[in-house]
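Quick notes on the structure that follows.
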Amino acid sequence: MIRLNNLVAAYRTGRGSINAVDGVDIEIPDRCILGVAGESGCGKSTLMKVLYGDVLSPMSLASGSIEYGFNDDQNKPVTSDTIQKQWFKRISYVPQSSMSSLNPVVKIGKQFVDFPGHEPNKRKVMEQVKTYIGKLGLPVEILDSYPHQLSGGMRQRVMIALATFFQPELILADEPTTALDVVVQKEILLLLMELQEQMGNTIILVSHDMGVHYQITHRMLIMYAAKAVEYGESDSVFAAPLHPYTRMLISSLPTIGDESARNGIPGSPPSLWGELGGCRFAARCPLATDKCRAEEPPLVEHKPGHFAACHHAGSEIPAAGEPIWQ
Amino acid sequence: MGVVQYIAKRVGLYFAVLFIGLTITFFLPRFMPANPIDGYIGELQSRASGSLTSEAIAELRDNLEQLYGLKGDLFTQYVSFLNRVVLHFDFGPSFAFYPEPVSNIILNALPWTLTLLLTTTVLGWALGNMVGLVAGYFHTRKLATLLEIVGIMIYPIPYYILAVSLIILFAYIIPIFPLSPTFPVGDISLSKIWLIVYNSLLPAMALILAGFGWNILSMKALAVATTEEAYVTYARLKGTSHWTRMVRYVFRNAMLPQVTALALSIGTVFNGALLTEILFSFPGVGLIMRTAASGGDYNVLYGAITVSIVAVATAGLVIDLIYPLLDPRIRHK
Ligand SMILES: Nc1ncnc2c1ncn2[C@@H]1O[C@H](COP(=O)(O)OP(=O)(O)O)[C@@H](O)[C@H]1O
Ligand code: SF4
Ligand SMILES: [Mg+2]
């Protein structure tokens, strides 16, 4: 189990400091695929960076902590301060763009062994890599190829192979398929899912595509303006979303046979620079009341394992078509 | 596929450059108002205090024109020039050291120039890029800025000032090196080699420094840009060491434009080498050219210019042919 204890990640800039992740406090059970969704700029990538332990200026972990739930070689629990030593051992990540994430002038195979890893004998690792690549159903020749010789889909499979080869406890993937066409996207996600099932690791997957989340995740975290606004089992979240924002995200999903163009959610999230009193979604929320504008809703468990941060969690949104927001 | 095309293109370009270069060296002097033979005959005449008869002069002119390939119309001359130079490496005899063939004079000087040029170019490139790489890779640290300042300070100094400063500094103020170096000729012995190396150090230093500043600055800029590439970030997040990232990721990629730049600048480098030879009395092609130019030794001058064109074009070709070995995107299209 991974515990995020009231995580706050801040960016220090010329005009002051903003909290791009503001008090996320959740528990992620082992062996699960957690989907993270929310509009652009809501802090998904920042959360992933903090989780990975890639905290570089101007970003900082302003407060809070992470317990990863596994121990290091000295049998001490791994925390945000020591996770860096576990990179590509017990935690790995799938980058967004496979095209630009591989060294163009070095053979793919060499890029499997150019970091410390567990095993100092590179030749031995190379043999294991070959076996593993074969097991994934990928042609072994790709290890002798250069990145530009492979298709985009094949390269992204290589990235998945790299991230899973060491059987890490935790794999982070921040929009790992955005650059690919839909068919390849699906194949890649299925591969990731299959491997997760075999290895039993935890995957945290950021995607703006609610359809992807619906198909492959076990749990969902919905973020809005640096806050966790809903968290729970995917079945429960998709069947009965508690937060109006989640409802609107889900209803913006096209359904089969529905040709009408789906609009995004009208309006835009508040600036993290401004005054952030009350519920951050209030300005766009069809259910907003005075209480919402005055009081910040905490993330509370409404049903077993299903959390939401809303004063009117679970209330029906008035039928579409009515001019509910002015 | 890709490589064959690439090589064919470069080699084709190489021969085109050679052809154009040779053609220009052929035509340019022929458009000059002064005829070298007139000058030569005039000189002989004045030495003989005007005692040459007009028949003797006509015969001499005939012989000289034969000798220097100035017989017949322009086209005949051009064809026979190409034939002599390309097929026989024959530039006729030297005026000043008649009847020593120009090709001998040049072949004696060429190894000197090539050795000096090759060593200093490779060293200057390697050192400049090494410093630039460290400065660029660690560009967020203060100490690295110091390295860049070295480049900024050396880069704008004109080459001849650099060379003369070195002479003043290390041959005059701190007399480590001789003011007028002597280079032994004839058979090579161990003591001679030492003398040659010792006397070549100052000109070599000047040449290395000349390329140093530019290489620092341009490598630094390239390395900074490369550290921002996604593959370097990914390598960092894989847990690779600084060394691996700096060498295998940043340098291996940032060096490619630097190799191309070297191929393009090899002409300038060659010019610098010629100037160095004159300033340091180094017995290479540059010194020969200087002597020939001041003595009106046209054949030697043509020969030296032709060889220079061939040398520069060949060096460029060699670098271009090495390039696919460094960049797999050209090797495996
Ligand atoms: N390097 C940075 N400096 C300052 N602010 C940043 C930086 N990176 C991200 N931010 C801010 O942090 C917020 C969250 O960004 P991010 O985590 O990338 O969002 P997402 O991945 O959900 O689109 C945004 O408002 C963005 O403006
Ligand atoms: S707290 Fe109020 S404004 Fe915020 S989401 Fe819930 S209903 Fe809407
Ligand atoms: Mg993002």
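Residue 1 is the first one shown; counting continues down the chain.
A Cβ is built for glycine as well, from the same backbone N, Cα and C atoms used for every other residue.
Heads up, TrEMBL stuff is auto-annotated, nobody curated it.
Taken from TrEMBL, the feature domain 'ABC transmembrane type-1' covers B:110-323.
Annotation source TrEMBL lists transmembrane segment at B:12-32 (among others). Here the transmembrane segment (B:12-32) has Cβ contacts under 8 Å with residues 74, 77-78, 81-82, 85-86, 298, 302, 305-306, 309-310, 313-314, 316-317 of the same chain, all six or more residues outside its ends.
Annotation comment: TrEMBL describes B:112-138 (among others) as transmembrane segment.
Residues annotated as transmembrane segment in TrEMBL: B:150-173 (among others).
Same-chain residues lying 6 or more positions outside the transmembrane segment (B:193-217) and placing a CB less than 8 Å from one of its CB atoms are 116-117, 119-121, 123-125, 127-129, 131-132, 135, 147-148, 150-157, 159, 162-163, 166-167, 170-171, 177-178, 181-184, 258, 269, 272-273, 276-277, 279-280, 282. The transmembrane segment annotation in TrEMBL covers B:193-217 (among others).
Outside the transmembrane segment (B:255-280) by six or more residues, the chain places 112-113, 116-117, 120-121, 125, 129, 159-160, 163-164, 167, 181, 202-203, 206-207, 210-211, 215, 218-219, 222, 286-287, 289-290, 308, 311-312, 315-316, 319-320, 322-323, 326-327 with a CB less than 8 A from a CB of the stretch. Look at TrEMBL and you will find B:255-280 (among others) tagged as transmembrane segment.
Here TrEMBL flags B:300-323 (among others) as transmembrane segment. Within its own chain, the transmembrane segment (B:300-323) is flanked in space by residues 7, 10-11, 14, 17-18, 21-22, 25, 29, 85, 91, 94-96, 102-103, 105-106, 109-110, 113-114, 256, 259-260, 262-264, 266-267, 270, 274, 285, 288-289, 291-293, 330, which lie at least six positions past its ends and keep a Cβ under 8 Å from the stretch.
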